[in-house]
Structure formats: C-alpha cells, structure tokens
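As recorded in TrEMBL:
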DOMAIN    30-291  domain 'G-protein coupled receptors family 1 profile'
TRANSMEM  15-38  transmembrane segment
TRANSMEM  50-73  transmembrane segment
TRANSMEM  93-111  transmembrane segment
TRANSMEM  132-152  transmembrane segment
TRANSMEM  172-195  transmembrane segment
TRANSMEM  226-246  transmembrane segment
TRANSMEM  266-294  transmembrane segment
Amino acid sequence: MSSLSISLSSIQDRILRYIFPISLTLGIIGNLFIIIIFTRKHHRKNPCSLYLLVASLFSIIGVSWGIGSNMYASYYPPDPFTQSLFLCRFRAFILQSSILIYKIVITLACIDRFALCSTNIRIRSFSTSKMSIKVIIVGILFGLFISIHLPLNQTIQNNRCFVIGTYGLFFSIYQICIYGLILPIIQIIFAVLIAKNLKKVRNRVQPQIQSDNESRNVLSRRDMSLIKLVLAETIVGMTLTTFYPINRLYTVLTSNIPNKSVDQNAIESFLGFICLILLLYLNYCVNFYLYIIISKAFRHELKRFILQVIKRQDREHTTNGSLGPIQRRI
C-alpha cells in the first residue's frame, strides 16, 4: 500500500471511531427534541409541524441504522452485514426507504407551506392537519414500495454489500433522478412559489377585511417560523446529498476500468465514504441545530420546555423533601 492510501484509510478509521459516535449521539438527541417540541399541544394541529415531526422520526431511523451499523462493524469486526445476505439486504432497504421517505416528507412540507401562503382559497384549504395525515401515509407507503427493488438486487462480494452490473448502473441513475433531480426540482419550484406568494400578501396596500384577516393568518409568527425551518432544511438537505448520487454513478461507470492504481482506488473509496456516509448521514444530524440557529420561536419553545422540566423536577424534589420528615415521624 502507498503512503496516500494508508493516510486516507487512517483518516476514515478515525472518522468512524471518533466522529461517528458524536454524530450519532447529537443526531438522536436533536431529533428527539424536535419530536418533543412538535408533539406539544399547540403544534398538534399544525400540518407543517406534522411533516417535520415525521421527518425527524425517519431521521432517527436513518442515523441509527446508517451510522450505528458502520460503528458496530468498526468496533466489532467482522461486519455482520457483509456476512449475512439477509442483513445486507435488510439494512439496504431500511437505509434507502428512510432517506427516501425523509426527502418525500420535506418536499410535502414545502408544498404545504406553498398552499398556506396561497391567495387562492381552494389551494389554501389543502393546508390542514387532516390532509397532511393522509398525504404523509401515502408518502410513507410510496417510499416503502419504491424501495423494494434495492434489497432484491443487493449482493455480497469480497466482503462488501452492494449492487453491481446492469442493476448497479440502473440504481445509480435512479438515485440521480430521485435525489439529484426530481425531489430537488420540486422543492426549488415550491420554495420560489412560497417567496412569490409571501411577496403578494405583503404588497397588498388596501386589502379587504377578509383578505386582511387571511394575511395576518398567513404571516403569523409561528407559520413564518415554520416556513423558515422548511426552506432552511431543504437547502441544507440538497447541499449535503447532491454529491451522493453523482458519486454512485461515477463508481459504477468506472468499475470496469482495468489497471487502476492503488492511489486511485484509495481516493475513490475515500470520496465514496465522504459522500455516502459522512455527508448523507450528517443530513440527519444537523436539523435540530439548524432550527436553533434559524428560528427564534423554536429557541423560545425549547427554552420554555427545558425550564418546565427543571421546575417540575424542583417541585417533585421539594415535595419529596417536605414529606420525608412527616413520614419518619409517622
């Protein structure tokens, strides 16, 4: 092995052993906080909160299986997912379906925010909690169904769990179409439409009474905060996941090139690791911290929740302390 390949392998191993545990912990804790905030009473009937709640649930699944399985293989070799074809295929299905459903739900959240901001009453009527529940169920079933083909074609070769041959090329093109074209284009279109609708609402100089009430509803602080969160998560998600399908396609197209140098193989393997594992799974971990940076309302809700927990603990501690002497006298 060359010095370059040894260095890249060492960097990859250190990321697995030191950065992954931190990412896994922060990712699970952050998404749990999002779930707690969006399951509070005033969020339960907000359709956008439901979308972000479901996205966080699948983020936990994705980060647990994605980072967790790689950590297990690194700490306790041999990798069970390269020894058992069932585990290989099951893991592939969980990872593929979780990221697809996550992306679908975020896209649906963009569409929901567009509907909310629309000046058309019929379009605005689609932004309801009942409608969001129905759409989420359909989105989850669609994500599960469209991901079935991957585990059926997953195989193990040379202690690697992956797809090869003609299907490998098809799967790479499929990922570019889904993650690099279709979903990002839909998200961008509705993000632009949201901006246009908000501009229309704000530019109304002499609105009628009904329109004025609708404008205040559309521009409420909570709804504006959720719009910011959805748009920010969309931008960050596209940035972090764009390179993954491109790298997959490059890997398949160059897999049959003979006489690759050791350094070239090492570089390709390292770039694949960065695109697939680091950037893709990092997308699951950053949302909570992105919300804190972007949204003042989210920061206040989080602070209020933490203070309520602390006060409840203090109250229970005080109650137990005051009952102690009485119980002892009895």
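Backbone N, Cα and C define each Cβ position, glycine as well.
Long-range neighbours of the transmembrane segment (50-73) within the same chain, counting only residues 6 or more positions beyond its ends whose Cβ lies under 8 Å from a Cβ of the stretch, are 16, 20-21, 23-24, 27-28, 31-32, 34-35, 38-39, 43-44, 79-82, 91, 94-95, 98-99, 101-102, 105-106, 108-109, 112, 129, 132-133, 136, 140, 226, 229-230, 233, 277, 280-281, 284-285, 287.
Remark: the transmembrane segment (172-195) contacts the transmembrane segment (93-111), by the rule of 3 or more CB pairs under 8 A. Sequence-distant contacts of the transmembrane segment (132-152), counting only residues of its own chain at least 6 positions beyond either end whose CB sits under 8 Å from a CB of the stretch, comprise 47-48, 50-51, 54, 89-90, 92-93, 96-97, 100-101, 104-105, 108, 112, 163, 171.
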